[in-house]
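Inspection log for the structure reproduced underneath, given as structure tokens.
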Amino acid sequence: LTCCNQQSSQPKTTTDCADNSCYKKTWQDHRGTRIERGCGCPQVKPGIKLECCKTNECNN
């Protein structure tokens with residue numbers, strides 16, 4: 001599976017994942033909206049939005 005792994009609004013980069021899912025975490029801090037992308041579907045703390053999906057580059 002190919003997942004996107006760029007941070008926030010950086011140009012898209014991808015990585016090959018052994019997992020069968022990709023994730024996108026979104027949260028707010030003093031710099032504004034932060035986005036983290038990667039492989040798998042991690043646990044997140046309250047207040048962090050998590051989207052997991054199972055198709056190539058679905059977490060862009």
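These residue numbers are counts, starting from 1, taken along the chain as shown.
Using N, Cα and C of the backbone, Cβ positions are placed for all residues, glycine too.
Secondary structure at Cys22 (disulfide bond), as computed by DSSP, is strand. Less than 8 angstroms from the CB of Cys22 (disulfide bond) sit Leu1, Cys3, Cys4, Arg37, Gly38, Cys39, Gly40, Cys52, Cys53, Lys54, Glu57, Cys58, Asn59, each of them six or more residues away in the same chain. Positions annotated as disulfide bond by Swiss-Prot: Cys3-Cys22 (among others).
According to Swiss-Prot, the disulfide bond annotation covers Cys17-Cys39 (among others). All protein chains shown were included, and the count of other CB atoms within 10 Å of the CB of Cys39 (disulfide bond) stands at 20.
Marked as disulfide bond by Swiss-Prot: Cys41-Cys52 (among others).
Cys53 (disulfide bond) counts 16 other C-beta atoms within 10 Å of its own C-beta, drawing on all protein chains shown. Positions annotated as disulfide bond by Swiss-Prot, on the basis of similarity to another entry: Cys53-Cys58 (among others).
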Reported as an integer number of Å, what is the Cα distance between Cys41 (disulfide bond) and Cys17 (disulfide bond)? 12
Find, among the disulfide-bonded residues listed as Cys3, Cys17, the one whose Cβ has the highest number of other Cβ atoms within 10 Å in the structure shown. Cys3
